[in-house]
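Peer 1: Structure provided below as structure tokens; questions to follow.
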Amino acid sequence: MKILRKNHPLLKIVNHSFIDLPTPSNISSWWNFGSLLGVCLIIQILTGLFLAMHYTSDTTTAFSSVAHICRDVNYGWLIRYLHANGASMFFICLFIHVGRGIYYGSYVLSETWNIGIILFLTTMATAFVGYVLPWGQMSFWGATVITNLLSAVPYIGSTLVEWIWGGFSVDKATLTRFFAFHFILPFIITAFALVHLLFLHETGSNNPSGLNSDSDKIPFHPYYTIKDLLGIFLLLMALMILALFFPDVLGDPDNFTPANPLNTPAHIKPEWYFLFAYAILRSIPNKLGGVLALILSILILAAFPLLNTSKQHGLIFRPVTQAIYWTFIANLLVLTWIGGQPVEYPFTTIGQIASITYFTIIIILMPVSNTIENNIIKL
């Protein structure tokens, strides 16, 4: 068997990626989230496949087909709630994975980091089009508001919106194409994830100390396979608790009402994992400015390798930047809270302050703290 996995053309790839892969001996549990994201992706594809067998992407039957899945299909309610809450678990793992990358300076592996940003954007697109499919009130109005943002594009905005809608409003054509996108995008994510792994294994993994670990590596199996299995078990346990005991806690009550173009909900908001970006969008009074800020809130991640001037790798020995990093995390939580609040005082003011702080920390404070710490080392 050992000879086979080392010489077989296909098994050799698996062997070099998951069995004999030289891995730093000191990587902590924060490195588990990559494998957890892979598990989340598999769960989402499998549950989504079974949901797609019973779902109909027609405006007249979409809402009732989801109700039919929950009521009449064997374990349909479980599949539906695993899929809906699986998306939340996916984004929790994703945010922690990106946060770990920033904290431990993994962004210096620029190819892996940039593919990761593409993966992040693709996952957000998949979640957005998926949220439209149940065709509830928040699905419909969320789709209307977010797609309508494209009308801010100069000259071609209105044409672009109608082209995406497939008509003059969010309707049957929009739902059908969003279902098609939601079906194909996870497979594109899978392809990008493999490229992400390919680039990671070219350079080798980063580690908590930020030092070169070539002299101290161990095989991935059995050490990290066992460690990953523990993480997977905890993830599945959290997902099952969420899906079985609190299935609707992260959803919106408005989505229990079928979509009605004549009745606007009091407060339109996306799923919780988009609220930080939504708060940044709303904090700018100008429509085009808001859209640009929304896009930049994610694309600014690409600036980390460019703005990094530190002589040390990661934040483990850098107390000044550590304080700024945790302020950044707290600020993100504030943005998430504000995104779910109505557009009125004092929430608008808090949102504007938090949005300015978000960009200031990344563009100004972190590079300045890098310079300060570099000078402290020289003393």
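Cβ atoms here come from the backbone N, Cα and C positions, even for glycine.
Pulled the feature table from Swiss-Prot, pasting it below:
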type: BINDING; residues: His83, His182; note: heme b b562 binding site
type: BINDING; residues: His97, His196; note: heme b b566 binding site
type: BINDING; residues: His201; note: ubiquinone binding site
type: TRANSMEM; residues: 33-53; note: transmembrane segment
type: TRANSMEM; residues: 77-98; note: transmembrane segment
type: TRANSMEM; residues: 113-133; note: transmembrane segment
type: TRANSMEM; residues: 178-198; note: transmembrane segment
type: TRANSMEM; residues: 226-246; note: transmembrane segment
type: TRANSMEM; residues: 288-308; note: transmembrane segment
type: TRANSMEM; residues: 320-340; note: transmembrane segment
type: TRANSMEM; residues: 347-367; note: transmembrane segment
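Help me see these features in their spatial surroundings.
Peer 2: In the three-state DSSP classification, His83 (heme b b562 binding site) falls within a helix. Sequence-distant contacts of His83 (heme b b562 binding site), defined by Cβ-Cβ distance under 8 angstroms and a gap of at least six in the same chain, are Gln44, Thr47, Gly48, Leu51.
A 10 Å cutoff on Cβ-Cβ distances gives His97 (heme b b566 binding site) a total of 20 other Cβ atoms nearby, all chains included.
In three-state terms derived from DSSP, His201 (ubiquinone binding site) belongs to a helical segment. Cβ neighbour count for His201 (ubiquinone binding site): 14 (other Cβ atoms within 10 Å of its Cβ, all protein chains included).
Long-range Cβ contacts of the transmembrane segment (288-308) within its own chain (Cβ-Cβ under 8 Å, at least 6 residues beyond either end) map to 98, 102, 105, 107-108, 110, 113-114, 117, 120-121, 124, 149-150, 152-154, 276-278, 280-282, 355, 358-359, 362-363, 366-367, 370.
Tertiary proximity for the transmembrane segment (320-340) is limited to same-chain residues at least six positions away from its ends with a CB under 8 Å from its CB atoms, namely 99, 102-103, 269-270, 272, 274-280, 282, 310, 347, 350-351, 354-355, 357-358, 361-362, 365-366, 369-370, 372-373.
Beyond the transmembrane segment (347-367), the same-chain residues lying 6 or more positions past its ends with a Cβ under 8 Å from any Cβ of the stretch are 279-280, 282-284, 293, 296-297, 300, 303-304, 307-309, 321, 324-325, 327-328, 331-332, 334-335, 338-339, 341.
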Peer 1: In whole Å, note down how far the CA of His196 (heme b b566 binding site) lies from the CA of His182 (heme b b562 binding site).
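Peer 2: Cα-Cα distance, His182 (heme b b562 binding site) to His196 (heme b b566 binding site): 21 Å.
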